[in-house]
Every structure is written in structure tokens, then in C-alpha cells.
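Here's the structure we're looking at; comments come further down.
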Amino acid sequence: MARTRNRLDRTPFQTAVTDLSHDGRGVARRDGEGGKVTFISGALPGELVRAEPTARSRHFDEAKTVGVLEASPQRVTPRCPHFGVCAGCVLQHLEESQQIVAKQRVLMDNLERIGHVTPQAVLPALTGDNWGYRRKGRFSVRRVEKKDKTLVGFRELDPRFVADLSVCYTVIPQIGEKIPLLAALIEGMDGKRDIPQIEFIAGDDAVALTIRHMQPLSERDRQAWITFAQEHGFAIFLQPGGVDSVQPLWPQEVPLSFRLPQWDVELAFRPLDFIQVNASLNQKMIAHAVALLEAKPDDRVLDLFCGLGNFTLPLARVVREVVGVEGDAGLVARAKENAQRNGLDNAQFYAADLTQDQRSAPWMRQGFDKLLLDPPRSGALEVLQQLPLKTFQRIVYVSCHPGSLARDAGYLVNEQGFTLVSAGAMDMFPHTAHVESIAVFERR
């Protein structure tokens, strides 16, 4: 975003907030500014606030709330002491039931505005655990010389800075309550300036921390990590380089996995693998997707962007055959191992870059009844344009970005003869503005 070069006038102003933006900020049009839009962090629709400008650009301004003069009835006191500074979650001031209402509204607005489509039915919002749900994430680590301390946390609203966290209530408690201990541990290390980030991931029986370090750890620092792991019940992995450089420090064998009891499936994973962040919502989402797909015992299903087999293996318990395709060869290898470990011989997996031409791929010509896809934020348009879509009776699309879903929905409905039967939001990331959603398409 191009910002003006003039010195920013930070004089607070009073304004009425009319809407909530897709990223969770209040929207106002300032009098005396020609109706120019201002996005205000910490403000809610229907409120009268005092706001301090933080940035100006040609088309809109940005500000932060410094006082609430007339509060929305939906405003609540944020649980977290770092709300308003940390960017980890920006909706804690909005009553929980209204957060998902706002996300449904963002989804429908995107479908209509970008895709020019409207679902025949709006699915009830899917919700799971609201606190202590985040089982995977990345903390930034920074040694701040001016403060003479090490900070561990998520980025601040101003992403140049790392939030100095004392606790995080959205992260699983075993990690969220130990952030100050992590910061103190690193502060006492020889290589405290050489650790830029810590990744965390939790299975059902183990929690792992992966330490990215730019220089080899001293023996003293290695032992400090081992002692910390033993005292607090963590597995520690070291990452001196890229993803392939990750190796266990302690213990040497770590049983990282999660179970899906409804499907009698267990999925093993590695410390940097992608898994769904919210365990309780993930189980509901899988059941939701399988039901919406109307999967039947004689069906052959194609599962694109399948990862470890999060949807593929439960589907294998229901249908005749399922084929999973994923761009990450490591995840495909783990998916195959998971299928074998769970005794599922009707699940096949292929590694393929789904943004590239796959029309000659063997899996493309196998013939399927139904399609399930769970693409990254960029969506699935490249592969949708290659698929023999006329062969699919039904498509279930799980999305982590409403904009790309809307674009792809427009393609399916307006160009390929599908009906958008239903769509709805799923609250994978409570208290954040992130919108996870699911949509169902049927051939007309």
C-alpha cells in the first residue's frame, strides 16, 4: 500500500463506526475528509469512538481506537491483556456468537461481490473450542537490546514488532502459559540472538517445539533445551536450515499423531507438517464435509490438496475408493503410511503440483463421482480448469480464504453449469478475523 510522504497528523478524532471490515476493523467515513474511508482497529459497528490516525493512503486511512464514547451492545471485555497490541487475534472485543455472524457476512459478501453467486441455502455456522484451541503455530523470537530482554510471541498489529506476551489464551495451555518461560530460557542462552522463531505443534499425546537457529547451538544451550523439555513435557526439534534440516534433540522418538475416533483413524505427522489448527472443529468439519458430499459405498471420490489424508482416510471408511492428491511429496509419503497403518487399502495418493498442467496425470483419467478439495489461500482455479468437471455429481469445497472461494465458485456456477447449493462459515480460528468456510456444488 502506497502511503503519503507527508508527516502524519496523529491528532485523535471522533467518528461513528458503520461496519466491520473483512480483517476485523471498524469502518468509518470521516466528516470533513470527503467521506474517505478509515479502518479503525478495536472499533465495532454502531459505536462512537475516538481514534488516533496510524497511516494515510490515497484511497483510505487507518487508525486505532483510543476511546469508546458509545459502545456497541455486542462489545465485551477482551480476556487477553495484550489485546490491541498483539495481532494474534483482533476480535476479542466482539461477543463470541457475533464473531461467527460477522464471518458469515464476510463469506456471503465475497460470494456475491467477487463470484456473482448466491447459495440456495446458508449452512449453519460450525463452531468448536473458542479458547486453548490453537495446536499449531509460530512464535517470533527477538532479542531487543533497548529493553535488554528476549521477546517471544506473535507479531504486533504493527508487524515490525514482536508482542511481549505473558500468556496466550488461544494457544493450547501447555504452550500458551509457558511463553515467559521460553523467553527467559532463550535470554539465558549463548545463542539468544540466533533464534528467530519457534514453531509449535501438538498431537494427542505429545507437544513439539521446533527451534530455528541461525548458528550451531553450544553444548550448554543444547542441554538447556533438553532440561526445559524434560521439566515441561515437550519434545524438542532443531532446525538449522530448511525444512529438511529438522532433527530431534530430545527425545529421539516422538509419537506425534492425532486421532479421529468417529472414523477409527489415527494420523501421524512430523513437527513442521500442516495440520488443522483447531482439533475440535476439525473433527466436526470432517463429519460435516462427508455428510455434505453425500458419500455412498459405491462412490469413487477425488480429494485434492489432501495433505496427510485428513479427509481422505475418513472418506475411505465410507466409499469404495478415494484418491488423494497433494503437492507436498513429504505429506503424500505420510498419507500413504497413515493409510497402511490404518488398514485402508482403498485409498491411493499421488504427489502433484496442482497449480501446473496435470491433464496427463494418471489420476486425472481414473473417473470419479464426487470431488472434495481443501486448497490453500490461493484457491483451486488452476486445477478446476483442467478437471473433467462434467463427470462430478457433487463437489464440496473447503476454503481458508473467502475471496478465492468466491472466484472459484463463480467459475463453477457461471461457466461450468454447477449450482451453489449451500455455503457457510466455520470458526477454525475464534477471536481472529480468519474465515474458514465450506461450499457445496451440484451439477445442473
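Backbone N, Cα and C atoms are what each Cβ position is placed from, and that goes for glycine too.
Swiss-Prot has this to say about the protein:
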- 5-67: domain 'TRAM' (DOMAIN)
- Cys80, Cys86, Cys89, Cys168: [4Fe-4S] cluster binding site (BINDING)
- Gln276, Phe305, Asn310, Glu326, Asp353, Asp374: S-adenosyl-L-methionine binding site (BINDING)
- Cys400: active site, nucleophile (ACT_SITE)
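Taking Cβ-Cβ distances under 8 Å and a sequence separation of 6 or more, the neighbours of Phe305 (S-adenosyl-L-methionine binding site) in its chain are Val325, Glu326, Gly327, Leu354, Leu373, Asp374, Pro375, Pro376, Ala380.
Each residue in His82, Phe83, Gly88, Gln92, Phe154, Ala163, Leu165, Tyr169, Thr170, His431 lies on the same chain as Cys80, Cys86, Cys89, Cys168 and has a C-beta within 8 Å of the C-beta centroid of that [4Fe-4S] cluster site, without being one of the site residues.
The DSSP secondary structure for Cys86 ([4Fe-4S] cluster binding site) is strand. Secondary structure from DSSP puts Glu326 (S-adenosyl-L-methionine binding site) in a beta strand. Looking at Asn310 (S-adenosyl-L-methionine binding site) and Cys400 (active site, nucleophile), their Cα atoms lie 15 Å from each other. Helix, strand and coil counts under DSSP for the domain 'TRAM' (5-67) come to 0 helix, 33 strand, 30 coil. Counting neighbouring Cβ atoms within 10 Å of each of the binding-site residues (Gln276, Asn310), the lowest count belongs to Gln276. Cα of Cys86 ([4Fe-4S] cluster binding site) to Cα of the residue listed as 'active site, nucleophile': a distance of 22 Å. In this structure the C-alpha atoms belonging to Cys89 ([4Fe-4S] cluster binding site) and Asp353 (S-adenosyl-L-methionine binding site) are separated by 32 Å. On the backbone, the CA of Cys168 ([4Fe-4S] cluster binding site) and the CA of Gln276 (S-adenosyl-L-methionine binding site) stand 19 Å apart.
Across the structure, Asp353 (S-adenosyl-L-methionine binding site) and the residue listed as 'active site, nucleophile' place their CA atoms 19 angstrom apart.
There are 20 other Cβ atoms within 10 Å of the Cβ belonging to Cys400 (active site, nucleophile).
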